[in-house]
Protein chains: 2
Amino acid sequence: MKHNFGAGPCILPAKVLDQAADAVRNFNGLGLSILEISHRTPEFEAVMKETQDLVRELLRVPEGYSILFLQGGASTQFSMLAMNFLHQEKKAAYLDCGYFSQKAIKEALLFGQVNIVASSKDKGYNYIPLGYEIPEDSAYFHYTSNNTIEGTEMFSFPPTTVPVICDMSSDIFSRMVNVADFDLIYAGAQKNMGPAGMTLVVVKDTLLEHIQRQVPSMSDYRIYRDNGSLFNTPPVFSIYVAMLNLRWLKEKGGVKTIETENIAKAALLYEEIDRNPLFYGLADPDHRSRMNVTFKMYEPAMEQEFLDFASTRGIVGVKGYRSVGGFRASLYNALPISSVEILVSCMSDFEKEKLNKEVELAQNESL
Amino acid sequence: MKHNFGAGPCILPAKVLDQAADAVRNFNGLGLSILEISHRTPEFEAVMKETQDLVRELLRVPEGYSILFLQGGASTQFSMLAMNFLHQEKKAAYLDCGYFSQKAIKEALLFGQVNIVASSKDKGYNYIPLGYEIPEDSAYFHYTSNNTIEGTEMFSFPPTTVPVICDMSSDIFSRMVNVADFDLIYAGAQKNMGPAGMTLVVVKDTLLEHIQRQVPSMSDYRIYRDNGSLFNTPPVFSIYVAMLNLRWLKEKGGVKTIETENIAKAALLYEEIDRNPLFYGLADPDHRSRMNVTFKMYEPAMEQEFLDFASTRGIVGVKGYRSVGGFRASLYNALPISSVEILVSCMSDFEKEKLNKEVELAQNESL
């Protein structure tokens, strides 16, 4: 039994994996694999429709928004959104709150001017900036709601009159948000939605009236909307597994229910990090992510030993991102609280082992 | 038992589907699904390497070429290649030989000037133009080696000194080509390579020195080359299944062996189309595709009846593309010759039934 704390591609519910495996052999009893059916069949059109409907229902998407499925990941959106919405006469406002914000800014600069309204770079992005102003003449305001690498998350969103574009790759479907506060939400699928290979876009139709630049068809949000994300061959399997996963979420009670679980899971782990004298958390306590918990050991030399100790208990994917180091435990929707309990016991048992060793050493020395 | 003649996403070998289903449950005995492992694990890095090596070996890719895996399909390449290689001071030469050539031309026009060196539009793209000239100062020459919708295929390639860019989406791995004749080959995976959600690019490294425009990271071929297609999260599952499928092709004897089978399969079906008085082929006999066989009935009213008749024998995916009508039987690598034999018997049995009915009618009338 593995406890998969990977940051993405990441854990999916066992039931979803079983259903996906079955469909790879025989989809819907058709005698064909989900991998070998045309995207123009009524069977796949039904999959597309159900996936869109589930997104709409689970996120409570209001009227006037379109649900799109694109290929590529959030990195493709970094340039695509700027290509569509950043024009010469206006600046785009960006919140610089982490590694992926930076990447988004870099790509936007190819298409126009960027105004960084606030940054937490000064402290290695360990907090979310507050108290900044968004100029009212901005083309749009862009931010990342959860910073997968640094382990910070935004729990309040600044009010603004300009269009709001948000990268929700790593916390979408993990908590309730008011979609009406956003003009475009995008999210790479490989966290709480499904396997890598697809990006969800929820976009306000009125935003699409502001595209002035001529953009390639595959970079034009309107093409996806007008063709029901079937302008060309979509990532059939990724969409199908996302549908299974969203069905699972709905059966569990939806986003509100999973949010309660996610709060409990994160609280349990942060409590142990704060209690255990060997570990410390990296993010400012007010901005600690519920999805990606980053922490280190006071003795860096001990970290590999802890990783080895944890792996004997089936814990995988807790090594921190290369630029940050330490540990990162991702607590996505599909991770059960029992896995968090095992990680917490593992940390406390490791502490006991270390303390016992110290006592032994002290005793040996005093002999 | 189904006989899947779908044009893409299309049939994959049963063995590959079994292995893929197993890996969705438990990949490499890790206790994790292929859908939930990180693309940064040594296990997935091994998948990437093996897939690249198999492409290199099966296509006999010479030194000086890179093998890249991108998200999106060939449609994304239509604009991406022009963004990278079409500059203001030069024109790009395009062969207009079908629906997808047209789409490629449309996207290229966003980035510069296009010179259509020849077109077969006059006859509904039922042949491949011959005997045209490619100006030596062209930025590149672009063509589609197999026209999936119209059912034509290029069997000789015009000699030229300008960089050659070829969309091989629907005939890659189906026949031997001399990769050294090309500067960039691209192919959406969902025909002879694997499931939808990935595009293969084989590019000559020297071509990448000619990129003058500043392009977004995710549209820059150099980013994929320099990061081993791991700049961001790749379509993990699509790449994994492509690896399984290329292993299968290698075990079968490679491209030369499958080419012989593909020639036999196509010959069998075209023979029946030419023999059977109810049917006729759409493509010029000299340019008939071995991958996508397009044909119609002399009595269009009879076509639905034939489709129903064929479906009782497990034949699926033979309905023609909406703009062409009639039938299209795709004979991709994974389709066994026994499936073609069943389609051929089906056509000949249908003919007999119709003839018998005519005889009956004639007899009834004469009574």
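Glycine is no exception: its Cβ is also placed from the backbone N, Cα and C atoms.
A TrEMBL annotation is a machine prediction, not a hand-curated record.
The pyridoxal 5'-phosphate site recorded in TrEMBL comprises B:Ala74, B:Ser75, B:Phe100, B:Thr148, B:Gln190, B:Asn232, B:Thr233 together with one of B:Asp137, B:Asp167, B:Asp205, B:Asp220, namely B:Asp167.
Counting other C-beta atoms within 10 Å of each candidate's C-beta, the recorded positions B:Arg40, B:Lys191 are led by B:Lys191. Taking every pair among B:Ala74, B:Ser75, B:Phe100, B:Thr148, B:Asp167, B:Gln190, B:Asn232, B:Thr233, the residues listed as contacting pyridoxal 5'-phosphate, the largest Cα to Cα separation comes to 31 Å. Taking the Cα of B:Arg40 (L-glutamate binding site) as the reference point, the closest of the binding-site residues B:Ser75, B:Gln190, B:Thr233 is B:Thr233.
The 10 Å shell around the Cβ of B:Thr148 (pyridoxal 5'-phosphate binding site) contains 27 further Cβ atoms across the protein chains shown.
Taken residue by residue with DSSP, B:Thr148 (pyridoxal 5'-phosphate binding site) is part of neither helix nor strand, so it is coil.
The Cβ of B:Phe100 (pyridoxal 5'-phosphate binding site) has 23 other Cβ atoms within 10 Å, all protein chains considered. Scoring each of the binding-site residues (B:Ser75, B:Gln190, B:Asn232, B:Thr233) by how many neighbouring Cβ atoms lie within 10 Å, the top position goes to B:Gln190. For the pair B:Ala74 (pyridoxal 5'-phosphate binding site) and B:Lys191 (N6-(pyridoxal phosphate)lysine), the C-alpha distance works out to 12 angstrom. Sequence-distant contacts (6 or more apart, same chain, Cβ under 8 Å) of B:Asp167 (pyridoxal 5'-phosphate binding site) comprise B:Ala74, B:Gln77, B:Phe100, B:Ser101, B:Ala104, B:His142, B:Tyr143, B:Thr144, B:Ser145, B:Tyr186, B:Ala187.
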